[in-house]
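What Swiss-Prot says about this protein:
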- 1-26: signal peptide (SIGNAL)
- CYS45-CYS334: disulfide bond (DISULFID)
- ASN105: N-linked glycosylation site (CARBOHYD)
- ASN125: N-linked glycosylation site (CARBOHYD)
- GLU135: active site, proton donor (ACT_SITE)
- ASN153: N-linked glycosylation site (CARBOHYD)
- CYS211-CYS223: disulfide bond (DISULFID)
- ASN351: N-linked glycosylation site (CARBOHYD)
Amino acid sequence: MLLVTLFLFFLQALVNGDSCGSNCEKSERPKRVFNIYWNVPTFMCHQYGLYFDEVTNFNIKHNSKDNFQGDKIAIFYDPGEFPALLPLNYGKYKIRNGGVPQEGNITIHLQRFIEYLDKTYPNRNFSGIGVIDFERWRPIFRQNWGNMKIYKNFSIDLVRKEHPFWNKKMIELEASKRFEKYARLFMEETLKLAKKTRKQADWGYYGYPYCFNMSPTNFVPDCDVTARDENNEMSWLFNNQNVLLPSVYIRRELTPDQRIGLVQGRVKEAVRISNKLKHSPKVFSYWWYVYQDETNTFLTETDVKKTFQEIVINGGDGIIIWGSSSDVNSLSKCTRLREYLLTVLGPIAVNVTEAVN
């Protein structure tokens, strides 16, 4: 009980600006209600006779009947027919809708998108948070590294075939220009259509704005400088989003301080972007209750408290608790998650919301 009291006292002091450590920079944000959402497919646990009705007891907004696509929040995975290179075996891939944005058919995509939306969530009066989760490629050409590098290579090959006598720099520059022009078109028009057909909902793309902190090439809390500059140039996207949805999943391999730094940097960047926009979209951080690199292990009570605390003191408007279908695909997993909710996650959530609000 003493630990809970101390945690609440410290949190309230930070929220009210009475105390802030040397590494803390309180973000200037208008006073808002702090909300926590449940975005976990726990409906899958119903088949085992386990229900998560207690979620709302902890001041967590929970879809009616535990629906995954519900009245409070709905996430749409890879909706429509975005251009993509879908991986097959032996390094091969299947080309979907042109493979890359500059080769794609936007009309077909938008038609498939609205069909998908109407099928998965037909209620056009939806007034919750609508999340578009598209992670095949990023609209900034440079940011397509790792598994996404295939999109850069594919784009470069297209230009090289057209202009075999151009030098490497000219080819890459043209590939980048074409890719980014049409990537913007696909992402922007998709968002506009979602807003047009579900006008009461708050829409945003999962993960944006990106920060790329605590990564191999930028192993510090602050966001990559180039990424910040690129975020500044993405007002075309953020001006259309009602909510910003940075991802703050933490890894077990990081030290406790590094985990805090990861959350701090990403929330601060999203708040910075929000503060630059006239409509000041709310910032809801996507948060996972397990470690990203050790998905069978729940976050410790300390990590839950500290990550929630960082989201609050750096100006976030709330948290979206996310979970994978693989987290709840057996009786034992459902039982463990429910116990974790009742004993660790839930009590911390209610303490944080009451302290802030």
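Residue positions begin at 1 at the first shown residue.
Using N, Cα and C of the backbone, Cβ positions are placed for all residues, glycine too.
According to DSSP, CYS211 (disulfide bond) sits in a coil region rather than a helix or strand. Per Cα geometry, GLU135 is the residue among the recorded positions CYS45, ASN105, GLU135 nearest to ASN153 (N-linked glycosylation site). Between the CA atoms of ASN105 (N-linked glycosylation site) and ASN351 (N-linked glycosylation site) there is a gap of 49 Å, rounded to the nearest whole number. All chains included, 13 other C-beta atoms sit within 10 angstroms of the C-beta of the residue listed as 'active site, proton donor'. In terms of C-alpha distance, the listed recorded positions GLU135, CYS211, CYS223, ASN351 place ASN351 closest to CYS334 (disulfide bond). Distance noted between the C-alpha atoms of CYS45 (disulfide bond) and CYS211 (disulfide bond) is 34 Å.
Nearest Cα neighbour of ASN125 (N-linked glycosylation site) among the listed recorded positions (GLU135, CYS211, ASN351): GLU135. Comparing CA positions across the recorded positions CYS211, CYS223, ASN351, the one lying closest to the residue listed as 'active site, proton donor' turns out to be CYS211. Counting only the Cα atoms, the space from CYS223 (disulfide bond) to ASN351 (N-linked glycosylation site) is about 30 angstrom. Taking the C-alpha positions, the distance from CYS211 (disulfide bond) to ASN351 (N-linked glycosylation site) comes to 29 Å.
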